[in-house]
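Heads up: the structure comes next, in structure tokens.
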């Protein structure tokens, strides 16, 4: 990294978008794409994991608000006055996450009452489509939220929401692999192929994300991408996001054993967290030119 790029301000030291936001992005990605994948898996355990992840992820992002207790008051005031800030990604996101949490909790409570209700819910095509669309939208939102950050050029790209969706899918497939390895789900022959394709797709999108930033980006984008490739965030990126999150589960995908599935799924899920953390920590502000 050149001397000029080394002088740029890291967003983590000012905006403090660090591990708290990384966990938020991770949990929402797992919840959203878990619901998306559950369109085919139709498992109550996947619904449970998605519900818990959605609630915890929402709590993480709400805890990051400067005046957290003002949120319910602002919501009530908006409803009473009929004025909503539809241009705010944070407002849109809070509404989306609220619907996600409520929908998941209601379904889970109904499914818990009896096996018959659970079976009916998990085979309701319209509900499965709704869940998949809601989960996909929540995951995409978590990417769009970062693209709206002023001055952090590494994040200001349409590739980021696509990367989050691909990573979330790998994460959700990893969850299914773990459940299959523990005999909590019947083995589905297509999961192994889906996992390999998901990791390959994520790797391609990740390469595009870094390459575009270095080749055509502003000084801030170049500095952020270089910190991922060979700078202070390289270990988190190569060792965690790429090595643990992509290479390990991809390689283990060709090993036919429950232990390999458990390890591959766990690595994919943890790697998804480290990917989000590395991208967050790599964010730096573009220089202000007077």
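Positions of Cβ are set from backbone N, Cα and C atoms, glycine also.
TrEMBL: automatically predicted annotations, no manual curation.
Look at TrEMBL and you will find 17-38 (among others) tagged as transmembrane segment.
Sequence annotations record features per position, and here TrEMBL assigns transmembrane segment to 45-69 (among others).
Annotated transmembrane segment per TrEMBL: 89-112 (among others), in sequence order. Same-chain residues lying 6+ beyond the ends of the transmembrane segment (89-112) with a Cβ under 8 Å from its Cβ atoms: 28, 31-32, 35, 44, 47-48, 50-51, 54-55, 57-58, 61-62, 71, 75, 118, 121-122, 127, 130-131, 134-135, 137-138, 141-142, 144-145, 148.
What TrEMBL lists as transmembrane segment is 124-146 (among others). If you look at the transmembrane segment (124-146), the same-chain residues 6 or more away from its ends with a CB under 8 A from one of its CBs are 24-25, 28-29, 31-36, 38-39, 42, 50, 54, 89-90, 92-93, 96-97, 99-100, 103, 107, 152, 155, 160-165, 168, 279.
Here TrEMBL flags 152-176 (among others) as transmembrane segment.
Look at TrEMBL and you will find 188-214 (among others) tagged as transmembrane segment.
If you look up TrEMBL, you'll see 234-255 (among others) marked as transmembrane segment. Sequence-distant contacts of the transmembrane segment (234-255) (same chain, at least 6 residues past either end, Cβ-Cβ under 8 Å): 167, 170, 174, 192, 195-196, 199-200, 202-203, 206, 227-228, 261, 263-265, 267-268, 270-272, 274-275, 277-278, 281-282.
TrEMBL lists 262-285 (among others) with the feature transmembrane segment. Counting residues 6+ beyond its ends, the transmembrane segment (262-285) has Cβ neighbours under 8 Å at 8-12, 14, 17-19, 21-23, 25-26, 29-30, 146, 149, 151-152, 154-155, 160, 164, 167-168, 170-171, 173-178, 181-182, 195, 199, 206, 220, 223-225, 227-228, 231, 233, 236-237, 239-246, 248-249, 252-253 in the same chain.
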